[in-house]
Amino acid sequence: MMSTSSDSRSDEGHAACLLNQLDVKVRHLVADSRKLKPGDTFLACAGERHDARNDIPQAIARGVNAIIWEKQGFSWKPEWKIPNLGVAGLRHEAGKIASEAYGHPSRHLWLVGITGTNGKTTCSQWYAQAMAALGKKTAVIGTLGHGFPGALYPSEHTTPDAVYLQQLMAEYLHQGASSLVMEASSHGLSQDRLIGSEFAVAVLTNLTRDHLDYHDSMDAYAAAKAKLFFWEGLQYAVLNLDEVLGVELSQQLAGKDLSIIGYGFKQPRQTAQTAGNQKILYGSNLQFTTQQIGFDVEFCNRYASLQCNVTGRYNAYNLLAVLAALLASNIDLDDAITALRQVQPIPGRMEKLGGGNQPVVIVDYAHTPDALNEVLTGLRETLAGTRIKKRIRKNQAKLICVIGCGGDRDRGKRPLIGEIASRLADEVIITSDNPRNENPADIISEVMLGASGKHCTSEVDRTAAIYRAIHGARKGDIVLIAGKGAETSQEIQGKKYPYDDREVVRQVLHDLAGPELQVQG
């Protein structure tokens, strides 16, 4: 069978031309050879960690109907008797090819992309919840999975590969979705997974240190995030103007053919670039308790107040970002506020367990220096409020932190994590996170380099660390279990073992409870 090649990297018309050259009926595209079924069309890209062209014999054996393969540095073997097409730069073209094959699903969805170091998951989930409350069926794709609020399926990556992403959008469109919100990770943006998707709204939460093992520098990391805001056809850019990158982007986008909604609490009017395409959502009078966040908002000379049953100071920024995204989605301010009042806490994001006659235990995904600083600062402020109202057995309540760092990731942040934990918590236990292929003890030692004081100890076994932290706490204390959030596995030496911080916490609290006590949360 004849093999054809293409060197062009152009628009969707070229994608259609490529599929026509293949001369087979493409019903189901797959880029992951492990998921191939008879009749599928296989896209064999040359990835950074895995070259899928090595899987071509396996794909043929599985009964695929054709193969599109990366042409550069590879030759098709004559014994492979199957329709095929060699394409130079296939990773860049994959999303456009898949979009063409699945009927350009993003054109028929209001597509919202959320990027930033922290807050992507919470913002995407809350946007989907709020839109659902407004009667607009909205799908969501991200760290917690993909699907619809309350019915998510596990995801291997925060941002799926370009082919699977187009398939998911087509499925959600078929299921009646009118909108889709997704987390746009820096890896996904750098690896062209979003090409072929037509975004209506792009949202920036923040930019702090993370993934420097991949991006090498903060400038490269910021550049990856910024790509989303220069997306062809983008209608709205929602920017955090309390962030340096947000201000820079607002200045670069001023006068462009799109609308900007800047948001913030720190007088964003003063930092915003004056331009006809920019509006400001300003939050003020922020108040929070252990149960609720409240603040006032101003937008285009309209005023409203928002109270929401979530906790954590940084969640105020998440709420403001989601409100701005709803406004960009043509939702009236009052309707958006009403919908946001109904959002629910996200699993593993400031998830509260215990309380009552037991210590309060918070499970959170915070795994970057900035996120840990924000969470501990907020909990410290909450604890201070508790101390003002009452004393616990004549002694002040404590803030206890269990934290670790992942293996095979940015080593430079490890001592920073240790420093922040030791400065803001009364007791710290440094433990394992996902050690992956590293020795957990070595990771802990690097975290401990930044920690100081006798209140900082270590425990390699994460379960033992959680037990020790909660057993050492009393009624009125707060215990933060940070780093893994709602993850349901722990990766050790290339294997993933079932593990859930929340289940461990529930078991400890159950063991501690007397016959008359019930675990709360």
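Even glycines carry a Cβ here, placed using N, Cα and C.
For the meso-2,6-diaminopimelate site, Swiss-Prot gives Asp433, Asn434, Pro435, Arg436, Gly483, Glu487; the one candidate out of Arg380, Arg409, Arg411, Arg506 that the record lists there too is Arg409. Taking CA atoms as the reference points, Asp433 (meso-2,6-diaminopimelate binding site) and Thr121 (ATP binding site) are 19 Å apart. A Cα-Cα distance of 18 Å separates Arg409 (meso-2,6-diaminopimelate binding site) from Gly116 (ATP binding site). Glu487 (meso-2,6-diaminopimelate binding site) sits 15 Å from Thr122 (ATP binding site), taking the CA atoms of both as reference points. Cβ atoms within 8 Å of the centroid of the Cβ atoms of Gly116, Thr117, Asn118, Gly119, Lys120, Thr121, Thr122 (the ATP site) belong to the same-chain residues Ile114, Cys123, Glu183, Thr205, Asn206, Asn318, site residues excluded.
A straight line from the CA of Arg436 (meso-2,6-diaminopimelate binding site) to the CA of Gly119 (ATP binding site) spans 24 Å.
Of the listed binding-site residues, namely Thr117, Asn118, Thr122, the sparsest CB environment within 10 A is found at Thr117. Distance from the CA of Gly483 (meso-2,6-diaminopimelate binding site) to the CA of Thr122 (ATP binding site) is 15 Å. The DSSP secondary structure for Arg436 (meso-2,6-diaminopimelate binding site) is strand.
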